[in-house]
Amino acid sequence: MCGIVGYIGHRDAYPIIIKGLRRLEYRGYDSAGIALYDGEDINLSKTKGKVEDLKKKADKSISTSGALGMGHTRWATHGVPNDVNSHPHYSNSGNLVIIHNGIIENYESIKKELIKRGYTFQSDTDTEVLVNLIEEVKKQEDVKLGKAVQIALNEVVGAYAIAVFDKQKPDEIVVAKLGSPLAIGIGENEYFIASDASPFIEYTNNAVYLEDEEMAIVRLGKEIKLRKIKDDAIAYPNILELKMNIEQIEKGGYDHFMLKEIYEQPRAILDTYRGRLRADQGIIKMAGIDEHLEKFMNANRIIIVACGTSWHAGLVAEYIFEDLARVPVEVEYASEFRYRNPVITNKDVLIAISQSGETADTLAAIKLAKEKGAFVFGVCNVVGSSIARETDAGAYTHAGPEIGVASTKAFTTQITVLTLIALKLAKEKGEFSESKFHEFLTELETIPAKVEKALESNPLVEIISDVYKDATNCLYLGRGYNFPVALEGALKLKEISYIHAEGYPAAEMKHGPIALIDDQMPVFVIATKKGHYEKVVSNIQEIKSRKGKIIAIVTEGDEQVTELADHVIEVPETLESLSPLLTTIPLQLLSYHIAVMRGCNVDQPRNLAKSVTVE
Ligand code: G6P
């Protein structure tokens, strides 16, 4: 994810863009850049780091005058965060400038073709390829910028929100959208362009949100012209009157980042498998695995190290790897692993999971495993982070920046990446028939829509939260694939609402926690149809006969548990191994609502930090 801002009008563009970028920093903050047209030329400044660093650099190094410009705050996907890879990017002639939020999946083949035609590239980004493709089309077809953008976009595969201008025609900005958000603010003889409305809300309440596959020519003195990218059909702008304040808009209209991030999961999961999972072709393509397949195929075992929520994703992965790919797996807390003199050989593959890529214990565990000769693979969310750099290979989750301290979309996207790896290994090892492999791939493709459906439980979860918000202890139970979900559900509740909660394997309850059950004790049970259903039903009976309150997460249409439980929350049916991606959703919502009802600081709970860089 990245944030984009553009301005064309009669005011100084520089302060508007800088302020706008600050407001969009939640979308990414590893590097930033700005391009301003001063009436004669383009002045460009870019830097690794935050918008504050950009401002310091630009104040000193460029003329910041001009009423046309655009800026970008980056969350790196292609190319490490550095000055060169930061946006905006120039075309080879220096006439066109672009900012882009998204991923151009087929950029490599386009780049090769452009290189053959004499183009050179400064950065490793997919975006620089796109601006040069636009330039090449403009030249070859002898068309205006808008048309060139349209033709070029019909050649690319991927997701984008882009803004482009041509210094030879400085009265217009061309914008387009597919997958990533893009809003146009309409002022008095001025236009604003941004990833959301927060950069322009104090200047205008009138905005147009582009739909997917739409583009617009934003020209001074003219009304906005909208077109469909595919067939050039005219689209009519739906001008909305915004009623939000700035605070709300930065959180996309949600009260808290955590809730926003919970709701981003369908998109985050899709972004994570986009370009990797090709169900129609029956393949999974992951460079980090493809290039080191032998290491995985010959591994004696996989050791997973992580902390916190990432450790829970590792536990889910243990079930998936062993069940599907038949590889032995051990999951370790990084902090324990690094200090217990573990036996590691060069036949081991170590997978380190980390949202931030900066967790000190996980980093230390990686170093130890490398010293002992293991092959180390990273699953990180933050591009260019220490863990991403330290590992031999890896695969990023594409969750986008996670700001709420309680991890939500990082968890489900980590599981998505790990599932892709396990499926790939299962196929390569001959554990899966073509048809079984295909069944998994197609089901995985339905998950974003099913997560969307699971999110529809929100109003019911809110009602249930109100019933249990004053509990002092809670128990979370699950079996098999859903045992780690029980652990994660309990962690979510305790970290943001400060209620004591424990997660347990449902059957293990009899060996201790059952002593705690009385009519005051809420017990959250994951009881989906596939996966030891009958056994979980017996566990529910055991709780019921001790008067515990049962809140069950069940498969749509469930009857048996529904009869027994005090409350049920339904999630769509899926394969057992994919069920954690759905069952975790109501538990995230539950902890969120309880924390809000108890007046807790949801996004910044006491004593916690988003990234723990000390051991
Ligand atoms: C902190 C965060 C957790 C996170 C854990 C591991 O405790 O508050 O949300 O799960 O660190 O962080 P990592 O960035 O390595 O996933």
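Backbone N, Cα and C atoms are what each Cβ position is placed from, and that goes for glycine too.
Curation does not apply to TrEMBL; its annotations are automatic.
Just so it is clear, the model here is predicted, and its values are computed rather than measured.
Listed features, source TrEMBL:
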| type | residues | note |
| --- | --- | --- |
| DOMAIN | 2-221 | domain 'Glutamine amidotransferase type-2' |
| ACT_SITE | Cys2 | active site, nucleophile |
| DOMAIN | 292-431 | domain 'SIS' |
| DOMAIN | 464-605 | domain 'SIS' |
| ACT_SITE | Lys610 | active site, for Fru-6P isomerization activity |
Cys2 (active site, nucleophile) and the residue listed as 'active site, for Fru-6P isomerization activity', Cα-Cα, nearest whole angstrom: 19
Composition by DSSP (helix, strand, coil) of residues within the domain 'SIS' (292-431): 64 helix, 28 strand, 48 coil
Cβ-Cβ neighbours of the residue listed as 'active site, for Fru-6P isomerization activity' (radius 10 Å): 15
